[in-house]
Amino acid sequence: MNKISGIAASAGIAIARAFILEHPDYSVQKTQVNDTQAELDKLDDALQQSSVELEAIKERTLQELGEKKAEIFESHLLILNDPEFIDPVKSLITTESINASYALNEIANQFIAMFENMKSAYLQERAADMRDVSKRILKHLLGISQISPAEIAEETIVIAEDLTPSDTAQLNRKYVKGFTTNIGGRTSHSAIMARSLEIPAVVGTQNVLSQVTSGDLVIVDGLAGEVLINPSEEIVAEYRSKQQAYDQQIAEWKKLRDLPTLTKDNVQVELAANIGTPADVEGVLENGGEAVGLYRTEFLYMGRDKLPSENVQYNAYKTVLEKMSGKPVVVRTLDIGGDKELPYLEMPKEMNPFLGFRAIRLCLDRQDIFRVQLRALLRASVYGNLRIMFPMIATLGEFRAAKAVLLEEKEKLTSEGIAVSDNIQLGIMVEIPSTAVLADQFAKEVDFFSIGTNDLIQYTMAADRMNERVSYLYQPYNPSILRLIDMVIKAAHKQGKWVGMCGEMAGDEIAIPLLIGLGLDEFSMSASSILPARSLISKLSASDMIQLAEKALEQGTAEEVVELVKATVSK
Amino acid sequence: MQKTFKIVDEDGIHARPATALVNAATKFKTTEAFAESNGKKVTLKSILGVLSLGLEMGDTLVLITEGEEEEAALDKLQEVMIKEGLGELHE
């Protein structure tokens with residue numbers, strides 16, 4: 001057996017015989033022609049045939065995969081008719097009296113080189129589109145007849161150097177069980193298409209094409225990013241059961257996507273997602289997220305050379321709120337400083353940046369920055385269910401000051417005649433121990449808490465989470481942390497307020513039973529953790545978890561807590 | 001006529017919005033449309049031209065229309081810029 005590693009591009013396991021999809025020889029020769037008009041006619045015919053083909057592929061993709069995936073072929077059609085592309089080909093044919101295929105290849109290569117030399121990775125990948133279109137035209141010019149991937153009619157794994165967008169769109173899901181290629185990455189077209197077709201895929205293997213012969217038995221493990229060639233019967237059996245387990249799990253998770261999050265004894269909690277950009281919302285909805293529990297606005301400020309304008313921010317917030325269509329969106333105001341620097345602010349270096357001038361401390365001092373963000377948020381608030389939270393609050397005074405600035409900006413907007421929602425919940429991150437300890441006082445004034453465990457743990461343990469030598473002190477299950485969380489939840493509930501959590505811990509399978517027991521209301525995690533978490537919670541009984549949490553609070557060490565959870569939950 | 005925009009889409013101008021711009025410009029047969037950025041001017045009726053500008057977030061883009069329907073064309077292009085979340089009018 002031979003095993004090759006690549007990039008896991010689309011999850012799942014496929015086992016089938018190999019089908020080698022080799023692209024025909026598209027190399028062209030330069031020939032002098034006498035009748036240039038004949039070459040121009042040939043080119044027109046080839047363009048016409050390509051256009052008919054592309055319309056058909058576009059139509060098929062539209063029906064099977066939806067409008068978004070079909071857009072790429074709309075772009076291909078535009079390239080096909082692009083005067084900047086076709087006119088130079090025609091003039092090359094006429095001025096040099098050469099054959100159409102050579103002229104086309106020459107001009108196409110200029111555009112391919114242009115894209116490959118672009119700064120943006122996205123635009124570099126557009127070279128693939130240019131290649132796809134020019135090959136399609138060349139195919140007709142050269143009279144090549146190729147087995148189209150659409151003609152595959154038995155269960156196969158497709159093996160190729162690379163799959164063009166049109167190859168991938170033509171793969172028949174019924175027969176093509178998986179594919180693997182020599183080149184490509186997680187964001188290449190073929191990978192994106194594979195994920196929407198839900199076909200397991202491993203790309204970027206460098207040499208799979210030379211290792212596999214047509215008809216070999218191949219396993220594509222799109223979970224681990226591995227390809228197994230001619231595996232033994234035992235290995236095949238092992239992968240069949242892995243495949244079954246995975247398919248079962250996916251089916252179970254999918255069923256949960258549009259369901260509320262309920263424990264076995266019908267206690268409901270909310271599963272939300274952490275996002276960084278408006279583009280992340282799609283994943284939240286696909287994974288059944290009930291809210292955005294943390295929108296990290298820092299990304300708006302990073303990777304640029306000056307502060308983002310009010311309008312840039314407004315557009316981003318509005319997009320997220322609209323896409324979530326009325327589901328809650330908790331936006332954290334700027335949390336910069338610490339390990340996240342903005343070079344253009346030219347802040348002095350600090351000895352202890354994590355204990356220094358960051359987040360709300362910076363915003364209350366640099367109100368010119370803070371007010372722009374608040375205005376953008378308030379203006380966007382009418383487009384959905386906006387909640388605002390302030391990061392790194394250490395004292396009630398800081399919260400009051402931040403709230404006062406917010407109210408001032410709201411007042412100003414209202415007097416300018418700009419609509420602002422009147423139902424914006426206002427909360428704080430609980431990530432500093434002083435705030436957790438004084439949660440009962442905060443609870444009287446805030447609408448909600450969101451516990452930021454990553455920082456809460458590092459500040460409680462006095463251990464820098466970037467320092468590997470003290471990383472053993474990063475202990476989410478330490479009873480001291482659990483007791484702080486317990487205090488915060490009890491204090492909030494006493495005032496009728498809700499508590500969320502937006503650190504790593506909220507999606508952790510050991511922590512979830514404890515947090516259910518402690519009475520956490522909202523869990524915010526990476527989108528891909530939502531369905532597994534909903535599945536786990538559906539198997540837990542809240543009343544049992546309350547007892548578990550009570551016992552956990554009385555343990556001495558994190559290890560003891562973990563043992564307790566494992567013993568209770570596996571029962 | 002011309003209007004200046006600032007690219008606000010964090011991905012710059014991608015194939016999908018570029019397609020929308022080219023489709024909009026092509027509808028106006030009697031009017032020429034151009035895009036100019038970083039000292040390079042291309043026709044807006046070419047997707048390869050638009051992509052060749054390599055626009056990124058923060059870049060300034062000038063859209064120019066010349067001809068019978070220059071006003072309607074520029075309005076339409078502005079609408080696409082805003083609707084696709086590509087850019088905002090430069091103050």
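Placed from the backbone N, Cα and C atoms, the Cβ positions cover glycine too.
All annotation found in TrEMBL is predicted automatically rather than curated by experts.
Phosphoenolpyruvate binds A:Arg296, A:Asn454, A:Asp455, A:Arg465 as TrEMBL records it, and from the list A:Arg257, A:Arg332, A:Arg400 the residue named for this site is A:Arg332. Your range for coiled coil, going by TrEMBL and the list A:33-60, A:61-88, is A:33-60. A straight line from the CA of A:Arg296 (phosphoenolpyruvate binding site) to the CA of A:His189 (active site, tele-phosphohistidine intermediate) spans 28 Å. Geometry remark: A:Arg465 (phosphoenolpyruvate binding site) versus A:Glu431 (Mg(2+) binding site), CA distance 14 Å. Around the Cβ of A:Arg296 (phosphoenolpyruvate binding site), a 10 Å sphere holds 18 further Cβ atoms from the protein chains shown. Using A:Cys502 (active site, proton donor) as the reference Cα, a 10 A cut-off selects A:Asn454 from the recorded positions A:His189, A:Arg332, A:Asn454, A:Asp455. DSSP classifies A:Cys502 (active site, proton donor) as coil under the three-state reduction. Secondary structure at A:Asn454 (phosphoenolpyruvate binding site), as computed by DSSP, is helix. Rounded to the nearest whole angstrom, the C-alpha distance between A:Asn454 (phosphoenolpyruvate binding site) and A:Glu431 (Mg(2+) binding site) is 8. Sequence-distant neighbours of A:Asp455 (phosphoenolpyruvate binding site): residues of the same chain at least 6 apart with a C-beta under 8 Å from its C-beta are A:Met392, A:Met429, A:Glu431, A:Ile432, A:Gly503.
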